[in-house]
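**Student:** Pasting the feature list from TrEMBL:
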- 12-33: transmembrane segment (TRANSMEM)
- 104-123: transmembrane segment (TRANSMEM)
- 135-150: transmembrane segment (TRANSMEM)
- 156-173: transmembrane segment (TRANSMEM)
- 182-206: transmembrane segment (TRANSMEM)
- 218-242: transmembrane segment (TRANSMEM)
- 263-283: transmembrane segment (TRANSMEM)
- 310-331: transmembrane segment (TRANSMEM)
- 343-362: transmembrane segment (TRANSMEM)
- 412-430: transmembrane segment (TRANSMEM)
- 474-493: transmembrane segment (TRANSMEM)
- 505-527: transmembrane segment (TRANSMEM)
Amino acid sequence: MEAAGNPKMLKAQLLWFLGIATTIKLLLIPSYHSTDFEVHRHWLAITNSLPLSQWYSDETSQWTLDYPPFFAYFERFLSVFARLVDLQIVDLHHGLNYKVNSAIYFQRISVIVSDLFLFYGVYRLTSNLASLKRNLVWVLVLWSPGLMIVDHMHFQYNGFLFGWLLLSISFLAQKRDLMGGFLFAVLLCFKHLFAVAAPVYFVYLLRHYCWGGLVRGFARLSVMGAVVVAVFAAAYGPFVYYGQIQQVIRRMFPFGRGLCHAYWAPNFWVFYIMLDKGIAFFLRKFGFNIPVPAASFTGGLVGDASPFSILPQITPVTTFIMVLLALSPCLIKAWRDPRPLMIARLVAYAYTCGFLFGWHVHEKASLHFVIPLAVVAVESLEDAKHYFLLSVVSCYSMFPLLYEAQEYPIKVLLLLLHSILMWFCFSAQFSNNIATKVTLQADKKASQSLLKQKASQSEQKGSSRTAAEKGGFVLGWVAKSYVFGILVVEIWGQFLHPYLLGDKFPFVPLMLISVYCALGISYSWIWQLEQILLLSF
């Protein structure tokens, strides 16, 4: 296997990746941005204009602060520089809906700069990999079209947060469990939605770090507990002091938003909604008086409940139990076989469970498992095929985030270019692996007899070429058909539906995207579970 390479060469290669990614991000600055842009601008104003005791109680705008305290501190840090650029950016009242170039460029560039943390996390996680695998992971993560769409067009700071996650995984992979646990605790105090993987971390660290003798185990458990408590105390302590902790918790967990987002994330609840609507439709056809819920899912509204006509109503507790049940095989595996190299796979599976069965899931949350699975994708041919399909589905499911016409060519081009790049990179890696294995088998057979050496070499060279041609990165007909189906769904929603139906049934294109992508992500969940239970690491 090829050596990992010297640090100077690795940093030079990373700078090359950084340069290309930054160039693309700078070109995207004038593109569409969602209401999240104003959300984060207002958070700059809140944290800069008000004392800490009022951050989570301010209602100057509807975009109230609802992230954990470390992210609020992060916004406070950014606001110091925002003041230097344009004072009105951080003005609590006069800055509302402030969208001049100074604000746009500052906030866009703040996301680009904070992505340096993602680059460091990827660099540290892959520094010991062979060069081909390392570069492939960099392609999958640093040039991710999903991250480009969500962070650098739609507008968020996910790259910064994923940097913390990848750093945590990198330390766990090196058996530095205390540091890995510390970094994950810090991440939870930046964004609490990452807590879906907390049961995996708890079980893994308890078994791998704390288990082993009463005295040693208790001492390590105490140290780990003290580290986690210290992190949460630093985050939430000031708000406990000011008597604001209940308000902070209320803002962080707004369960009244309903089961589904206005655009359905492609998860299990899509099928549940469709089943409910299908049964209700047929019952009405047979004369039954089935009322239409006030907050209809197809109306694009966010209700205070889960409005189903026939099937049982879903509550946050129901989704919590379902996520835990889906997680249970993973937790059992983490307890029985707590290997450091498994952690990325276990964490990704946990986030897949949260995405499929969670309460009020956003479509962009698929990045929570797509990003860590990039590390797993380079390990085997089957992992690569799975990741290719999942990455395409995840990115396509985010297309509705960019609904303006001028962004349409950009999102399509980002997905196509990245898909082509993934295809060539995976093909290069796994065709080479197959040829190498066949060559090694040829050498072993050739050593058995000098008389058979020439015949064996000739035979194996031919089989090497055949294996490289027939094997390698080739999708099966089911996967190819599914990818082709994405094209069909897009052609219908973008071109045929407006032409044939006009303004009728405007929810159908979004519904088709959600349902079709939910099929792919559900398959991914089943596939990941199978690998965790059966794969020999």
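Just so you know, glycine gets a Cβ as well, placed from its N, Cα and C.
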**Student:** Any contact between the transmembrane segment (412-430) and the transmembrane segment (135-150), i.e. 3 or more CB pairs below 8 Å with pairs at least 6 residues apart?
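**Tutor:** Counting Cβ pairs under 8 Å, at least 3, so yes.
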**Student:** Considering only Cβ pairs under 8 Å, which range in 104-123, 156-173, 182-206 makes the most contacts with the transmembrane segment (343-362)?
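**Tutor:** Stretch with maximum Cβ contacts: 182-206.
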**Student:** State the residues, same chain only, that lie 6 or more residues beyond the ends of the transmembrane segment (182-206) and have a CB under 8 A from a CB inside it; answer 'none' if no residue qualifies.
**Tutor:** 67-71, 74, 161, 164-165, 167-168, 171-172, 221, 224, 227-228, 231-232, 234-236, 252-253, 323-324, 327, 330-331, 334-335, 338, 343, 346-347, 349-351, 353-354, 358, 365, 368
**Student:** Go through the chain and flag residues at least 6 beyond the ends of the transmembrane segment (505-527) whose CB is under 8 A from any CB in it; none is fine as an answer.
**Tutor:** 263-268, 270-271, 274, 298-300, 326, 349, 352-353, 355-356, 363, 366, 369, 386, 389-390, 393-394, 396-397, 399-400, 482, 485-486, 489-490, 492-494, 497
**Student:** Six or more residues beyond either end and a Cβ under 8 Å away: which residues meet both conditions relative to the transmembrane segment (474-493)?
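**Tutor:** Same-chain residues near the transmembrane segment (474-493) but 6 or more away: 385, 388-389, 392-393, 396, 399, 508-510, 512-513, 516, 519-520.
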